[in-house]
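Reviewing the structure listed below.
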Amino acid sequence: MIIPAMMADQPPPLEATPLLNEVALLPHIVNGDNSQQVILVQVNPGETFTIRTEDGHIQCIQGPAHVPMVSPNGSVPPIFVPHGYISQVVEENGVRKVVVLPHSTEFHPSVHPPPPHVPHYMHPHPHPALLPHPPHPVYPPVPATGEIPPQYVHQHPPPPHVYTEQVVVTKPRSHGRTHFIHRDERTVKMQEHLRKRLKDKQAGGHNKNSPPPSPHKSHNNFNVDVQNGCGRGHHVTGGPVKQKPINRMRGSPPADAGGVCFSLPDSNTELKHLQDLLSNISKPVVSDIQARSARISWSLLLTSQNGENHSSNIPATLMYEAVISNSGKNGKFKSVYFREEASVTLSDLRPATDYHVKVSAMCNSVKGSASELVNFTTESSEPDIPAPPKLFSRTKNSLSLQWKAPNDNGSKITNYLLEWDEGKLGAFKECYFGHLKQYKLTKLFPFTRYTFKLAAKNDIGMSGFSEAVLFYTSGSVPPAPAPPQLVQAGVTWLSLEWCSPSGISSEESLTYVLEMEEESSGYGFKPKHNGEELSCTLKNLRRSTSYKFRVFACNIEGKSNPSQVVEYSTCPDKPGPPSKPSIKGKIHAHSLKVVWDSPKNNGGSEVTEYILEISETLSGSKWDVVYSDTVREYVCDHLKPGTWYRLRVYCINLGGQSQVSEILSVQTTAVPPGVCQPLRLSGRAKPKELTLRWAPPPVDGGSQVTEYAVEMAESEQGEHRQVYRGPELECTVNNLLPGRAYYFWIKAANKAGYGPVSEKSDISTAPGLPDQSCIPLLTCKAATCVLVNWESPACNGAEITEYRLEWGEVEGCMQALYSGSCLSYEVRGLVPAATYYCRVQAVNVVGAGLFSDVALVTTPVSVPAAVSILQELQEQHLEIPLLSPSSCLAIQWEEPSCHGSEIIGYNIEYGEKQLVSVGRVTSYILENLQAETTYRIRIQAVNDIGVGPFSHSIKAKTKSLPPDPPHLECVVFSHQSLKLKWGEGPSKALITNNTQFNLQMEDKYGRFVCIYSGPCHTYKVQRLNESTAYNFKIQAYSDVGEGALSEVYTFTTTKSPPPPLKAPKIQQLKDNLCEVTWEALQPMKGDPIVYTAQLVSGRDVEQYNQVYKGPETSFRFMTLEMNCEYRCRVCAGRRYQDVSGIQELCGPYSPYAVFSSQKQELVLYSANTTVEATKAKKKSLSDEQFAFLILVGFAVVAISFAVIIQHFVIK
């Protein structure tokens, strides 16, 4: 048994735990100033730990287990050493332990001394067990240290902090029990490694800093073995045991020690290394920070500070735990991750919030120190969804709403968006957008429901919308409803119904309060029903009692005035049965007098009738009614002599029929026989036949009856006719009418003849189906109402219970419209000028009869129906655009039903009840309206009958006036183009009010054609003819429409100058004479061409002198200087005449020609050389070829630029 000493705030639980040689000992020390000290006794497998409780009972604890023992005074627990064993203190790696070893072979485990008493150790229960003291000295504190050995706690899984002091008491396993330990491969290898290191240290004799062993003396004649908590004494027959002095070092146990030490002190060092490795974790790195998520990653550093690589020591099962806090580095941290991966994406974070994160590693319940804290801040985001707006005031035409700001998530809320459905239960539209937290809506309809939802916006974006909320504008209380009507009355209940007040729309929600007053109660009217229903059944009322009723209509504004008071009564109940009938006076042969008393309970109503029934048999269900009146006595006559009769009576009042009374049995006086009993119906009656049966007469007169004769009459006074004659006691009468009453008599015959006939038998045939109904009579009361009347057909014995009316617009497809007992029905809600078909069917208890012939009716014509769809037409839906959207509105509607008279036109009401009549069209353009004005428009249809009702109103607004045309001017004149300018803005600059312009020019046919449309303020008209006048107009337009055209502007192009000439040709004729020639130009539109030649000598090109001007294409220059260089150029001029006289328009000068004046021979040679060089140049490259090459070059450059832009810019 191993007893590690420890101190803790609370003892560990009493449960099975692993052995010390299975897992490493990781003791946990608590502050040594605690008032209690806990000793953890470890019970090995196969052993039993015995303790004594407070009441003296012995409790045995089977191993493996840890038993906590509490020392309340905080003293060091003594370790009891069994007799024959010695204790030795060993210290290795800063861990002290006590090893119990066998000392002498004289130890006899069979002798049991009395258990020692240890009073100051307690079990952790409320009343701890007491352990006895030993009778001999025990192991004292170590004298060399002078301090109390620290206490330790062994717990599994081990805590993250390892301490370096431990006291362990070990003893050998007794009785050679097998020590079964389940270990994994890693634990076995660690234990083998630790045992090897312990053996090497013991062989090396590590005895430094070890205190000397404590002496141990024993003078008792008993060997005490403290095992399982109880001491066992062994009596020794010889003298005292001699013990050798112990002079060994604490680090060197004796070689003959039979004990085994299961304490593994080096495991603490390994676990400390593992803890240091787990604590060597890098600072977490935060990346991908979003508004509500962030990614955290870390790593375990494999190299320690001294350069050692621990990659081979990393266990396979390594877990990481990440904790996070949003209340600062000293706040409360919450675990958000516990997995094997070294990264995690944190979600569900709050935007714009500071977080602190740290990570720790854990392996096999060993947890390293946490990493360095890292903080990060999440990004801002759009606000949270706000709460729905609240109503704080309302009127009939306004609603005032307010709301609270939601969480802005790091970015201040700038605006709120409030949307509503405009009370149409349709799509939501914006009604407010701003920074205020309240808004008032006006111009609303009274008592109308409006739906709202709210969203918040900040610089990040718009939040989601809140839940939709409903509010109503104020209204008025409803008018008083009509008084309630009685639907049906019962004995204890009344069923009432009422109608909605007049003038209330179907969309308005009303509740109704029904109040009732019982006059005898004296409490006045009390509410009995409150709800939206239009009917109510009141139960648990008193029978035959009158009640008063009134009804209120309620809405959210209040309660209406009460309706008129009506009074209804419950029905009376059935009366109780009368008393048993009794005989008054003497019983005669053919008559007797019966009397009875009234019932004790009349059911709340006077008895109106007594019914006396008689039966001629003592056992049977055949009863005949012989009396019906209010008198409580009756003389029963026409009885058979010597016959037993049964009599019973019941009564009837307004509540119904009572139960029958007790039966009175009585027998008439006997007389000579002869009269047969009345006929009886055999089986069930059929519609056209009756099966009758009878019995022989009770007195046969001394002769056997041989035959019977049955007579029948259709009435009591009708003629009797014989329907049967024969010996049988049953007959069937055929060819009868259904539901009719017939009277039958029978008489018996013997040899002497027929006796008197029997009493008549009133028997009815079974009822049949009703006859076919007559064709109903249809009467038109109005264009939408028809009154249907019909007659009741023959019922054939069963009362007609209901009539069924079928109605439809097609003869072969009619549906049930009415079912009831009335003979008329008013059909409402019909369409005027329509044909309807109907038929009627009668129904009784047998079934439904045949339908009547079909009747048809055509309702009269009426005014047209109201226009159901009226809407404004937008410009994009018009085939022809509006001439002036600022003064016109286009509306469209659907043609309603004409109700039999063709619609001839419509009346359109708009503005201040202005009325305009149009023909039979479905669209119209309202003209001459005011710009930017809202109009309320409604329409009604008209036919020959009259004017139909107005449709619903719509609101439409005209647009503002279009812009005026700007001033047009020409800023640049040319012979082929005119640059025009208008407005005040700069050239090619867009204006801010979306105003654009249409520029029109007159063509050769006198029509103005649009040549430009856009927002710019300048335009250059090109490809014009020279000296030609052109007419222009300009127009401005915007979203509201096109403005008016400006006045006509006329601008004239200038005359075109002559084209440039080629360089002149110079030929030297003599030493001081040269001839200059150039190409000739054709006259331009009749204007003559003059040429101007300029000549300059030397290199001074700025000092050109005019040497010729005229219409010729050559001239001769005679004043040449020898050996001088000359340059010559020519230009063409155009002469024309205008109002100011003859004008000249000069073209550009030609390129200059260079020549030098020389002697004639040199000139000739030079001229030839020049001509040959010129020919060579012409042969090499002409002007057209050079222009073509330039064009090809430009095309190649343009294509290259296009490819580069397509590849790098667009893609």
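Just so it is clear, glycine is given a Cβ too, placed from its N, Cα and C backbone atoms.
What TrEMBL records for 280-381 (among others) is domain 'Fibronectin type-III'. For the domain 'Fibronectin type-III' (280-381), the predicted model reports an average pLDDT of 84.
Positions annotated as domain 'Fibronectin type-III' by TrEMBL: 385-476 (among others).
Summarising the annotation, TrEMBL assigns domain 'Fibronectin type-III' to 480-573 (among others).
TrEMBL lists 577-672 (among others) with the feature domain 'Fibronectin type-III'.
Look at the domain 'Fibronectin type-III' (675-768): DSSP puts its residues at 0 helix, 39 strand, 55 coil. The domain 'Fibronectin type-III' annotation in TrEMBL covers 675-768 (among others).
Residues in the domain 'Fibronectin type-III' (769-862) partition by DSSP class (helix H, G, I; strand E, B; coil) as 0 helix, 46 strand, 48 coil. Per TrEMBL, the feature domain 'Fibronectin type-III' maps to 769-862 (among others).
What TrEMBL records for 874-961 (among others) is domain 'Fibronectin type-III'.
Here TrEMBL flags 962-1057 (among others) as domain 'Fibronectin type-III'.
Positions annotated as region 'Disordered' by TrEMBL: 187-222.
Annotation comment: TrEMBL describes 1186-1210 as transmembrane segment.
Broken down with DSSP, the domain 'Fibronectin type-III' (577-672) shows 0 helix, 39 strand, 57 coil.
Taking H, G and I as helix, E and B as strand and the rest as coil, DSSP gives the domain 'Fibronectin type-III' (962-1057) the counts 0 helix, 48 strand, 48 coil.
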